[in-house]
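Participant: Here TrEMBL flags 2-181 as domain 'Formyl transferase N-terminal'. According to TrEMBL, the N(1)-(5-phospho-beta-D-ribosyl)glycinamide binding site annotation covers Gly12, Ser13, Asn14. Annotation source TrEMBL lists (6R)-10-formyltetrahydrofolate binding site at Arg58, Asn101. The feature active site, proton donor is assigned by TrEMBL to His103. Summarising the annotation, TrEMBL assigns site 'Raises pKa of active site His' to Asp144.
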Amino acid sequence: MKKIAILASGSGSNAEKILEYLKDSTKAHVTVIGSNKKDAFVLERAKKFNVPTFTFTRSDLESGLLTEKLLSLDIDLVVLAGFLLKIPKDFIRAFPEKIVNIHPALLPKYGGKGMYGMHVHEAVKAAGEKETGITIHLVNENYDEGKVIFQAGVGVLETDSAEDIANKVHELEHKYFPNVIESLL
Ligand code: GAR
């Protein structure tokens, strides 16, 4: 059985879809969910699935404490599901090709520092894009620049608000992310 750790900073709707998708899997299970925010709703969602959770600080991430914890749990894949802190080099070296992130746009467009959550959808709207989408990629030392594993697009209407765009993108994420994760194991 492969072991997955999910790191998330916010609502955790993607984390929940992954938990649902894998709950009866014989191939992989979510061993733990970690958040850098004590009040992140993802921690509530995890309770429904009886998955252990923990919180950590930016300093735990940067000092290597988080890496040690995940190594001690024998984690096979680290899934970033709306995780907003930069992953340090030592963490990446400890889990080579084993950290996967989801980004709410068609990278390389709308990636990089400051491009997360609603900021991305507002930028897509402001630029008058006709299409946006999702990118699932491996994590390397630069924000949003690791090897792309999967992309899917969706049309943007002139009348769509940034919230409408966010909803369309979330739908795509929920549809594809769990499956792509499973295929990586
Ligand atoms: C998702 O749309 C994810 O792509 C995005 O945060 C949202 C989290 O939603 N991630 C980033 O912007 C990372 N740069 P969720 O908490 O409901 O899963």
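Including glycine, each Cβ sits where the backbone N, Cα and C put it.
Nobody curates TrEMBL annotations by hand; they come from automatic prediction.
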Participant: In sequence order, which same-chain residues at least six apart have a C-beta under 8 angstroms from the residue listed as 'active site, proton donor'?
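Facilitator: Correct list: Gly111, Val120, Ile134, Thr135, Ile136, His137, Asp144.
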Participant: Report the mean pLDDT of the predicted model across the domain 'Formyl transferase N-terminal' (2-181), rounded to a whole number.
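Facilitator: Summarising the domain 'Formyl transferase N-terminal' (2-181) by its mean pLDDT gives 96.
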Participant: Excluding Gly12, Ser13, Asn14, please set out which residues of the same chain place their CB within 8 Å of the center of the CB atoms of the N(1)-(5-phospho-beta-D-ribosyl)glycinamide site, keeping sequence order.
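Facilitator: After dropping the recorded site residues, what remains is Ala8, Gly10, Ser11, Ala15, Glu16, Lys17, Val42, Arg45, Ala81, Gly82.
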Participant: Looking at the binding-site residues Ser13, Asn14, Asn101, which one has the fewest other Cβ atoms within 10 Å of its own Cβ?
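Facilitator: So among Ser13, Asn14, Asn101, the binding-site residues given, the one with the fewest Cβ atoms within 10 Å is Ser13.
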Participant: Running a distance check here. Ligand 1 versus the recorded positions Gly12, Ser13, Arg58, His103: which have CB less than 6 Å from one of its atoms?
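Facilitator: The qualifying recorded positions are Gly12, Ser13, His103.
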Participant: On the three-state reduction of DSSP, what should I expect for Gly12 (N(1)-(5-phospho-beta-D-ribosyl)glycinamide binding site)?
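Facilitator: SS state of Gly12 (N(1)-(5-phospho-beta-D-ribosyl)glycinamide binding site) = coil.
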Participant: Among all protein chains shown, how many Cβ atoms are found within 10 Å of the Cβ of Gly12 (N(1)-(5-phospho-beta-D-ribosyl)glycinamide binding site), not counting that one?
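Facilitator: For Gly12 (N(1)-(5-phospho-beta-D-ribosyl)glycinamide binding site), the 10 Å Cβ neighbour count is 23.
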